[in-house]
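According to TrEMBL, the protein carries these features:
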type: REGION; residues: 1-48; note: region 'Disordered'
type: DOMAIN; residues: 111-356; note: domain 'ABC transporter'
type: TRANSMEM; residues: 478-499; note: transmembrane segment
type: TRANSMEM; residues: 511-533; note: transmembrane segment
type: TRANSMEM; residues: 554-582; note: transmembrane segment
type: TRANSMEM; residues: 588-609; note: transmembrane segment
type: TRANSMEM; residues: 616-638; note: transmembrane segment
type: TRANSMEM; residues: 738-759; note: transmembrane segment
Amino acid sequence: MSSSFRSRRTLPIEEDGEDAPRADLLPGHQRSDRRSASSTNLDQHVVLGSHSPGHVVVDLRPTAANVDGGGKLELDPVGRMPVHFVLAFHDLTYNVGRPRRMAFWRRSRHVETDATTARGGGARAREGALLLDGVSGEAREGEIMAVLGASGAGKTTLIDALADRIQRDSLRGAVTLNGEPLGGRMLKVISAYVMQDDLLYPMLTVAETLMYSAEFRLPRSLSASKKATRVQELIDQLGLRAAANTIIGDEGRRGVSGGERRRVSIGIDIIHDPIILFLDEPTSGLDSTSAFMVVKVLQGIAKSGSVVIMSIHQPSYRIIGLIDRLMFLSRGRTVYYGPPASLPLFFSEFGHPIPDGQNPVEFALDHVRQLEAIPEGTDELVEFSKAWREKALARAVSSAACTGRHDKPSLPLKEAIRMSIARGKLVSGATTSTGDNGTAAAAASTAKVATYANPWWAEVWVLARRAFTNTRRTPELFLIRLATVVVTAFILATVFWRLDNTPKGVNERFGFFAIAVSTMFYTSADALPVFLVERYIYLRETAHNAYRRSSYTVSNAIVAFPPLVALSLAFTAITFFAVGLAGGAGGFLFFALIVLASFWAGSGFVTFLSGVVPHVIIGYTVVVAGLAYFLLLSGFFITRDRIPSYWIWLHYLSLIKYPYEAVMQNEFGAEAGRCFMRGVQMFDGTPMARLPVETKVRVLEAMSRSMGLELNSGSCITTGPDILARQAVTELGKWSCLWVTVAWGFLFRALFYLTLVLGSRNRRR
Ligand SMILES: Nc1ncnc2c1ncn2[C@@H]1O[C@H](COP(=O)(O)OP(=O)(O)OP(=O)(O)O)[C@@H](O)[C@H]1O
Ligand SMILES: [Mg+2]
């Protein structure tokens, strides 16, 4: 793998001071550098829009990938011509907003006509909005393809379509790589998608953020020092050296600048040097220098052998100079497709020459906007663009026929990917059996593309470390929770101070247990925002297989656990002796364990909800309502034997039932000789309670005689087991209750995992 670093070129960002309009982009001018030669060539042979399986791909240009600085062909390490990746899309049509009842019809029809990714392109607008309408084109290794257009033109939609982020049955048309339909799994492994929003952990530094990304995306076979080298290289490449140790920050905490954050977002997705890179507006919100730096970095990535496809709003001159192909969209249709340098020619042939000195892209944007405002819209321009491309295609085919040079992507896709990995692409999950010292040729023959870069346990370890770092840097979250538990425990300890063994004391114990156990669950609600906040980061990371969903679930549980131990000990220490609970050291330990189990089950329940509910407010509402029902049917307000049979299922589902019964048994089953009602105490709570004690003793003796019992004022009327029987706490032992509570915690985490599997499809419908 060491060759990977050697072969990969780091492209320092050059500030070339090109603020003035570029002459080579203006009408009537030719570029003089090597790139202009290729662009001029592109003018003539261009850009074959409708590349589909079986079609000849004609491109006679020397590409950045196969010509080195001296102009001679550069062979890959195994002595073959470098591979070419061509991502082609044909007649992409995407329609949304169809009535639900049509969905079945649409799906069954789709299966009949077309079961694979080659989605018959015949469908046109039927109903709903047509977001893409017959868009075709291709993007090549070594080039940047930019998708342009006004806001709402369909740029993001097109990139989503190419990146397989739209449900297969909603999208029509074909997307192929080297002529082969792109499977979702393969695409995930070899591509990356940089979203428009910066979804980053605010408390990590730039270097840490990139390092964690390296740990997720780069294969385990790469040593830690190599990963660190890669991160350093990327930091330099992205111009982030000065900000490397600054935290990302957010609204509340000052961190790196917006432009730096944007570059970090790009960095985490390109750390593994993806073969195909999709970027949605990588330059939005950046000043022109930062935007140029970002695109310059992208050019470097393209030249290292990647296909780069990005959407962009209003590129500056300098940026236009870095773009190889433009896909200009207006309301989902192509109004121009070709190199930026051909824009002037295109518009002059269309009858609207671009005035001298004007930025051709700005002119095109303005012109399209004007056309969109008139009733005929851009129909004429769309038709002209189609004819223009067909003409270019015909020219290219005849030119290819004359010279006899047909440059097809030379290798089958899998082979091309293997070659690419062997040449040094650090594709996520790529493993070579040759290790650091093996030759690239051997690597090429053995390189496998795995779905995930790392084994499961390594992902859990990295995720847990990252989460601990985040937790350590936001101690206030834990401290607030600890304070809540301590204050609640203190209030309970003082309110239920030293309960006695009278019938009243027994009732107060019931109250204490019910409120204590429900507190465990209510204070768990703070786990709710954790995933709701992290959800988008999680979606971004798992969209390209940074780690498994199961690793996330497990690390989430591991990180959640230690604070629960601290909370449980704090609560037990404050309340157990103050309230005067039974059982001594054993009782204390069990009480602490059941409190911990309750926190565990509660946090599991809340974590599961966070995977289901879309919003934190809804989450809290469900938590509060759910726990109220659980408490209602836990056996405290109404005992099990009195619950209507049609609600008994909820009693058994009640999370509060099990810890409540466990603490009841810990208290009332702990000491055999303990008595909770003696002699005349049996008259408490009855009209006889007001009688003088001597009278009550006489009544007791009379009752005792008539019933043939030997009751006196010292006799024990109610023992602990009697109380448990009266409260119908008889089904499970205290340890069983503890295990059931623990099992609930695991069950909810398993359900959380299921919500992740089912709920994060990452695709538009
Ligand atoms: N589910 C939907 N139903 C109807 N219209 C939709 C839906 N999703 C997106 N659109 C519309 O599709 C059009 C294209 O959206 P898209 O996000 O691709 O635009 P864009 O070119 O990326 O714009 P921007 O530059 O503002 O990001 C927009 O007009 C948008 O309102
Ligand atoms: Mg967009």
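All positions are counted from 1 along the displayed chain.
Cβ atoms are placed via backbone N, Cα and C, with glycine included.
Highlighted: of the candidate stretches 478-499, 511-533, 554-582, 588-609, 616-638, 588-609 has the greatest count of Cβ pairs under 8 Å to the transmembrane segment (738-759). Fewer than three CB pairs closer than 8 A are found between the transmembrane segment (616-638) and the transmembrane segment (478-499), and contact between the two stretches is not assigned (pairs 6 or more residues apart).
If you average pLDDT over the domain 'ABC transporter' (111-356) in this model, you get 86.
Away from its own ends, the transmembrane segment (588-609) comes close to residues 516-517, 520-528, 530-531, 556-557, 560-561, 564-565, 567-569, 571-572, 576-577, 581, 619, 622-623, 626, 655, 659, 662-663, 666, 734, 737-738, 741-742, 744-749, 751-752, 755 of its chain (Cβ-Cβ under 8 Å, at least six residues beyond either end). Under 8 Å from some Cβ of the transmembrane segment (511-533) lie the Cβ atoms of residues 477, 480-481, 484-485, 488, 492, 496, 499, 556, 560, 567, 571, 575, 579, 595, 598-599, 601-603, 605-607, 609-611, 613, 615-616, 619-620, 623-624, 627, 630-631, 634, 636, 655-656, 659-660, 663-664, 667, all in the same chain and six or more residues away from its ends. Long-range contacts of the transmembrane segment (554-582) within its own chain (CB-CB distance under 8 A, at least 6 residues past either end) are made by residues 459-460, 463-464, 467-468, 471, 478, 481-482, 485-486, 488-490, 492-494, 496-500, 509, 512, 516, 519-520, 523, 527, 530-531, 588, 591-593, 595-596, 599-600, 603-604, 607, 666-668, 670-671, 674, 749, 752.
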